[in-house]
Amino acid sequence: MTRYQILTLISMASVNFSSMICYSILGPFFPNEAMKKGASQTVIGLIFGCYALCNLMGSLVLGKYIVQIGAKVMLISGLFVSSGCTILFGLLDRVPEGGTFITLCFIIRSVDALGFSAAMTSSFAISAKVFPNNIATVLGSLEIFTGLGLILGPPIGGWLYQSFGYEVPFMALGCFLFLMVPFNIYILPSFAADPTKDSFFRLFTRLKIVLICFAIFTLSSGLGFLDATLSIYAIDKFDLSPGYVGLLLLGLSLPYCLASPLLGIVSDRFPSTRPWLMVLGGLSTATGFWFLGPVPILQIQSQLWLLVFMLGVIGFSLSMIAIPTFPEILNCAYENGFEEGLSTLGLVSGLFGAVWSIGMFCGPTLGGFTTQQLSFEWAASVQGGLAFLAVKIVIKQNNEKDISPDV
């Protein structure tokens, strides 16, 4: 690799790691803290969900105007905003319980989401710009650092919370994220490009892209559901401490982290395997969610080892869905006349982030509601059903059109 590519890769790795470690620290302890402050399971789901809703709006706007704003400026600004919001979130334990606490949770999470969308939209676009012939390999390699952030966030957050209280996890990791701002100002190159007249609407008129987007939706809704509900379920069902809940989440993020680079290499070297990876990943994800509870109609007793094992299955399966999707959407865009350049990369990154955010909104919101009205077991079964539905739609569409799996 050239020096230019090496510096870009280091920068993107730092963005992925620092952003995800700050995002993932809430899981082990925040839901219980929020319940102590008067928030219901449904409201907690909405707090997680509003992050995704604002991420959705931010991804669409910022993806469209990435050239006008500048990819480097967008990334650095996003890191700065996100770090400040992480620190502010750590001060919410000083806020009176009830409406004030809940309102501030929504405001801070919403602004944080805009910063996160700026950083991640530019990160995807820059990675694809600098490594046009190895997109899946590079994104898969960067998912190591995304996975490390997801892996280390929950146990570090849980341990800091148990040892020092509510404020310290957010203060420590918020300051760490802030250090990434001068780091990336120094090492990240600037990128010049011309604006395009293409739009998200034109992207979304392609059936193949719509189907891929639904697969992305099932992926992110499953992760959002687990963010908002798993810790409460594990604490109530198995009497685990927040620290152990953080370790429990390793079962989800570690397989994802380890499998992503390998699947990225396979995806780049054998592009025809990408649809099959998504189909197999969807089937495995559905199975994982059905046995996570497990689904009550199976009459299988819930056990901790089964929960951990199914989290591992889901983590590996989600990487099979996630890695091929971005290069597949990008290839489809180029095949349909989109210009090759940063503008199109911004559109595809924004679309990916927007669909991801829709899932991250629906997963915690509907999952939290279903868990409150029925149970965690039934809510997890619904998530499995969504993944299975995505697989059926793709297979049925391929059979009806009599086309190969990569169409």
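Each residue, glycine too, has its Cβ placed from N, Cα and C.
Unlike curated records, TrEMBL annotations are generated automatically.
According to TrEMBL:
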TRANSMEM  7-30  transmembrane segment
DOMAIN    8-402  domain 'Major facilitator superfamily (MFS) profile'
TRANSMEM  42-62  transmembrane segment
TRANSMEM  74-92  transmembrane segment
TRANSMEM  131-156  transmembrane segment
TRANSMEM  168-188  transmembrane segment
TRANSMEM  209-235  transmembrane segment
TRANSMEM  241-263  transmembrane segment
TRANSMEM  275-292  transmembrane segment
TRANSMEM  304-323  transmembrane segment
TRANSMEM  344-366  transmembrane segment
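Between the transmembrane segment (74-92) and the stretches 7-30, 42-62, 209-235, 241-263, 275-292, Cβ pairs under 8 Å are most numerous for 7-30. Under 8 Å from some Cβ of the transmembrane segment (209-235) lie the Cβ atoms of residues 26-29, 31-32, 35, 41, 44-45, 48-49, 52, 203, 241-242, 244-245, 248-249, 252, 278, 282, 285, 289, 307, 314, 318, 321-322, 325, 328-329, 332-333, 351-352, 355-364, 366-368, 371, 376, 379-380, 383, 386-387, 389-390, 393-394, 397, all in the same chain and six or more residues away from its ends.
When pLDDT values are averaged over the domain 'Major facilitator superfamily (MFS) profile' (8-402), the model yields 80. As a quick check, the transmembrane segment (304-323) and the transmembrane segment (42-62) miss the bar of 3 or more Cβ pairs under 8 A, pairs 6 or more apart, so the two do not touch. Using a Cβ-Cβ cut-off under 8 Å and counting only residues 6 or more beyond its ends in the same chain, the transmembrane segment (241-263) has close neighbours at 24, 27-29, 32, 136-137, 140-141, 143-144, 146-148, 150-151, 153-159, 161-162, 226, 230-231, 234-235, 277, 307-309, 311-316, 318-320, 322-324. In summary, the transmembrane segment (168-188) lies against the transmembrane segment (7-30): three or more C-beta pairs, each 6 or more positions apart in sequence, are under 8 Å. Nonlocal intrachain contacts for the transmembrane segment (344-366), taken as residues 6+ away from its ends with a CB within less than 8 angstroms of a stretch CB, comprise 42, 44-46, 48-56, 58-67, 71, 113, 117, 120-122, 124-125, 128-129, 196, 198-200, 203-204, 209, 213, 216-229, 325-326, 329-330, 333-334, 338, 382-383.
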